[in-house]
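Report on the structure given below.
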Ligand code: PRP
Ligand code: URA
């Protein structure tokens, strides 16, 4: 499996174009984030281990496959990551959900952590950190630092829009973490926003601006 993957399915690209548009209202924005996260889940969860299970069809007994009950955790980076949780949970409803609260200081662009609430056995779980935006990479790096400090070893990062600067920084800080994105954009602007991007994901998701 590749360490960095752009999941460019036509449905995802189509929905992402609508998501980016300035005139897409909050309700549609929320629905699109949810749908794209779910569609990405198909690829992101490709490595889930299977085990044999004996079942009976109307015709015969047979040994088939089922998902081995490996423990998963979805960890959104607040706020915007929350929008991606339900889409993934619809595919793996038994996954636990942890939360890491983080905001970027608007002057320094440095992330500030304000909440960490994780499943107790986080060190034993396959973790999917979700956040729509990977800009400078600061938030993702600090969130993953925080998880590793608590014993997490098996971590994947899932975003919708990534800047090359953020991908590079995250790969350098956490080379063991697979990165999945729906799009790799051009660059960051002088305010640390992704270009062309979609603006402030948290504000658009929650209608706060
Ligand atoms: C956004 C976004 C990421 C972060 C990405 O959150 O959801 O968490 O910025 O930027 P970075 O890669 O440069 O760290 P923001 O700080 O705006 O907080 P919010 O989700 O609460 O609005
Ligand atoms: N955070 C966002 O929400 N959008 C960006 O473009 C960069 C960081």
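Cβ atoms are placed via backbone N, Cα and C, with glycine included.
Those TrEMBL annotations? Automatic predictions, nothing curated.
According to TrEMBL, the domain 'Phosphoribosyltransferase' annotation covers 6-208. According to TrEMBL, the 5-phospho-alpha-D-ribose 1-diphosphate binding site annotation covers 79, 104, 131, 132, 133, 134, 135, 136, 137, 138, 139, 200. Positions annotated as uracil binding site by TrEMBL: 194, 199, 200, 201.
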Considering Cα atoms only, can you say which of 79, 131, 137 is the nearest neighbour of residue 194 (uracil binding site) among these binding-site residues? 137
Cβ neighbour count within 10 Å of residue 133 (5-phospho-alpha-D-ribose 1-diphosphate binding site): 27
For the recorded uracil site, enumerate neighbouring residues of the same chain (Cβ within 8 Å of the Cβ centroid of 194, 199, 200, 201, site residues themselves excluded), in sequence order. 132, 133, 161, 193, 197, 198, 202, 203, 204
In sequence order, which residues at least six apart in the same chain have a CB under 8 Å from the CB of residue 79 (5-phospho-alpha-D-ribose 1-diphosphate binding site)? 101, 202, 205, 206
What is the nearest of the binding-site residues 199, 200, 201 to residue 131 (5-phospho-alpha-D-ribose 1-diphosphate binding site), using the Cα of each? 201
Could you please provide the mean pLDDT value for the domain 'Phosphoribosyltransferase' (6-208)? 97
For the binding-site residues listed here, 131, 200, which shows the highest count of neighbouring CB atoms within 10 A? 131
Lowest 10 Å Cβ neighbour count of the binding-site residues 137, 199 is held by 199
If I restrict to non-local contacts, at least six residues apart, and a C-beta distance under 8 angstroms, what lies near residue 139 (5-phospho-alpha-D-ribose 1-diphosphate binding site) in its own chain? 77, 102, 104, 111, 131
Per DSSP (helix/strand/coil reduction), residue 137 (5-phospho-alpha-D-ribose 1-diphosphate binding site) sits in coil
Sequence-ordered binding-site residues from 194, 199, 201 with Cβ under 6 Å of an atom of ligand 1: 201
If you draw a 10 Å sphere around the Cβ of residue 201 (uracil binding site), how many other Cβ atoms fall inside it, taking every protein chain shown into account? 25
